[in-house]
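A short write-up of the structure that comes next.
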């Protein structure tokens, strides 16, 4: 609050009038008024250092250069009030701020008559003999000027404070929002507000994270989920073939096999399941990955069939003199790329004669030397796979047992005709 000071001293004597302006004003002979002196222009270096000079009525202010000042309107001219013989107005004998009404001095409401010098943004409050000017909320009064209050200096906000003329606002870091008290910051649950996660969203304090379901991995953008091609990581996931699928993988088996568990393949025995196409008079032989239909009677002249898979060459036929006495047909199947050496088939003599010595050999069918015979004792031997064989491939081996009896000078032989089918796979 500031008071109203007398701007003019009047000393009247007969026809002479002496005029004097108050401090900060000077007499303007042209306008016949007291005019404010701009000290910021007339006084050299009125304000020192980083302070800035602001002129105001009857004086000046030194304020920081960052200060915000609401400009005040031009002050009303200070007029001399002196009665003269030519003045048509009635002489006011009341104190300043009052006016004569009849025989009484009544307070002048400068706010209602708009004769105050409050700034446009200020409120005028009338008081006996004067008035006061108050700054709006968010400003403080310095002299006759209203200076913005920097509320951010008082740390009202939890995160960030933004000062604006006459007020301030609080802002929050990303991932937070202003609470109901307009000052605190609370976490934003982005997952409930449409976070761009493709599959799973996990809210955390001030942010969120995207996660993917099993079988997917998070993309470079941190939002999208890309399928993991498990089959490209290892060739041992499946025994035969790995098939990638969205979010997972599966194992497939070749034709003639069925899945065992989730990753292994097992041969389908078509001969047992009855899914073969062998005709009457044929025997179904199961192979790895398939089957083969073999004729029941495979005896060729001069041999005659004596039982299933067994042929005999009668001694009564001259052609049988240099041929093995009997031929027995057998079938077996091998997987491809089997480890070697490997025992694959055991040969056992079915007839034993006293004093006879038996020897075993591969009579025919092993032109490449992929097999050999290891004799176990006088009545048995083992067929051994000597080299790694890759299928599909077929062998027909004649495994011969030669029996010699030196006591009676007798020699005979018999053959086991073994058909070996090597499958195309290692399982």
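Cβ atoms here come from the backbone N, Cα and C positions, even for glycine.
Record features, source TrEMBL:
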- 191-201: disulfide bond (DISULFID)
- 107-147: domain 'EGF-like' (DOMAIN)
- 148-186: domain 'EGF-like' (DOMAIN)
- 187-226: domain 'EGF-like' (DOMAIN)
- 227-266: domain 'EGF-like' (DOMAIN)
- 1-24: signal peptide (SIGNAL)
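Taking Cβ pairs closer than 8 Å, the domain 'EGF-like' (187-226) reaches residues 173-177, 246-249 in its own chain, all 6 or more past its ends.
Taking all protein chains in view, 16 other C-beta atoms sit within 10 angstroms of the C-beta of residue 191 (disulfide bond). Beyond the domain 'EGF-like' (148-186), the same-chain residues lying 6 or more positions past its ends with a Cβ under 8 Å from any Cβ of the stretch are 67-68, 136-140, 205-208. Taking Cβ-Cβ distances under 8 Å and a sequence gap of 6 or more within the same chain, the neighbours of residue 201 (disulfide bond) are 190, 191, 195, 208, 209, 210, 211. Taking DSSP states H, G and I as helix and E and B as strand, the domain 'EGF-like' (107-147) has 4 helix, 18 strand, 19 coil.
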